[in-house]
Amino acid sequence: MSGTVFIFGLVIGSFLNVVGLRVPARQSIIVPRSQCSVCSRPLSLLELIPVISYICLKGTCRTCHTPISPLYPLIELSTALLFAAAFSIFNDLLSLITAWITIALLMIIIVSDIAYMVIPNKVLIAFAGVYIAIWFFLPGPLKADALAGAALSTFVLVPVAICFAGGIGGGDIKLFLLLGFIFGWESFLLLFTLSVWLAGAAGSIGLAAGKIKRGQPFPFGPFIAAASLLTLFYGDFLIHTYLALFQ
Ligand SMILES: [Zn+2]
């Protein structure tokens, strides 16, 4: 069964790449079929097979030999692994579906933010609609937690947006607000802290290694996504370990 879920994840991952690349460019996510972004040759059926096609083509377009970003097979592979991991961890259907939808959202954010430094509003609005629909099916305590998370994320993010205007993108702020609603208040605090730590650590390493210059903007979305995934899979463990320090 995990194998089937893995393959399902690969196919979904391939679609998430398309969404992440086309929505910010205002293109349809259904037509045309995927094509090489340089020579515009439509991809053959074999070239549409996730990950394997990338390996067979050795990471370049067959016609114009332009290198294909390794980000795309990585997104496909990560989606597949995370879908399978969620399948083995989340026992009830609602938690599993919510986890899969959250993984899908985060993968799209990674692609869009790395490719264009944009977190598309359309994606956030579409997923917000889905989560609001899911919210109606949640048990009472989780319903309240989602609202508390949304309230807390607003309370934390509005001052951040005002104090660091320009330092943090509008898309990042809207994503955090949505994540507050999805994860609930405790997990939101964890993922917010982890996002800032991960981006801070990567920024410091980038500066020290001379890869980025001081003040140069870099996409925050992938760090928010990584922090959210850590929280999705290890949140309870991390929160309990942290709280145990004070007992
Ligand atoms: Zn090409």
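Every residue, even glycine, has its Cβ placed from backbone N, Cα and C.
Among the features that TrEMBL reports, domain 'Prepilin peptidase A24 N-terminal' is placed at 7-88.
Marked as domain 'Prepilin type IV endopeptidase peptidase' by TrEMBL: 100-201.
Taken from TrEMBL, the feature transmembrane segment covers 6-25 (among others). Non-local neighbours of the transmembrane segment (6-25) in the same chain are 34, 48, 50-51, 72, 75-84, 100, 104, 107-112, 115-116, 118, 120, 122-123; each lies 6+ residues outside the stretch with a CB under 8 Å from one of its CB atoms.
Residues or ranges marked as transmembrane segment by TrEMBL: 71-90 (among others). Tertiary proximity for the transmembrane segment (71-90) is limited to same-chain residues at least six positions away from its ends with a CB under 8 Å from its CB atoms, namely 1-2, 5-10, 12-14, 16-17, 20, 50-51, 54-55, 96, 99-100, 103-104, 107, 110-111, 114-115, 229, 232-233.
What TrEMBL records for 96-116 (among others) is transmembrane segment. Within the chain, the transmembrane segment (96-116) has long-range Cβ neighbours (under 8 A, six or more residues past its boundaries) at 12-13, 16-17, 19-21, 23-25, 71-72, 75, 78-79, 82-83, 86-87, 89-90, 123, 127, 130-131, 134, 171, 175, 182, 219-222, 224-225, 228-229, 232.
If you look up TrEMBL, you'll see 123-140 (among others) marked as transmembrane segment. Sequence-distant contacts of the transmembrane segment (123-140) (same chain, at least 6 residues past either end, Cβ-Cβ under 8 Å): 19, 23, 94, 97-98, 101, 105, 108-109, 112, 146, 171, 174-175, 178, 181-182.
Listed by sequence, the residues of this chain that lie at least six past the ends of the transmembrane segment (146-168) yet keep a Cβ under 8 A from its Cβ atoms are 135, 138, 176-177, 179-185, 187-189, 192, 220. Here TrEMBL flags 146-168 (among others) as transmembrane segment.
Summarising the annotation, TrEMBL assigns transmembrane segment to 175-200 (among others). Distant neighbours of the transmembrane segment (175-200): 98, 102, 109, 119, 124, 127-128, 131, 135, 142, 145-154, 156-157, 220-221, 223-224, 226-228, 230-232, 235, 238-239; these residues of the same chain sit at least 6 beyond its ends, with a Cβ under 8 Å from one of its Cβ atoms.
TrEMBL lists 220-245 (among others) with the feature transmembrane segment.
Taken as a whole, the domain 'Prepilin peptidase A24 N-terminal' (7-88) shows an average pLDDT of 92 in this prediction.
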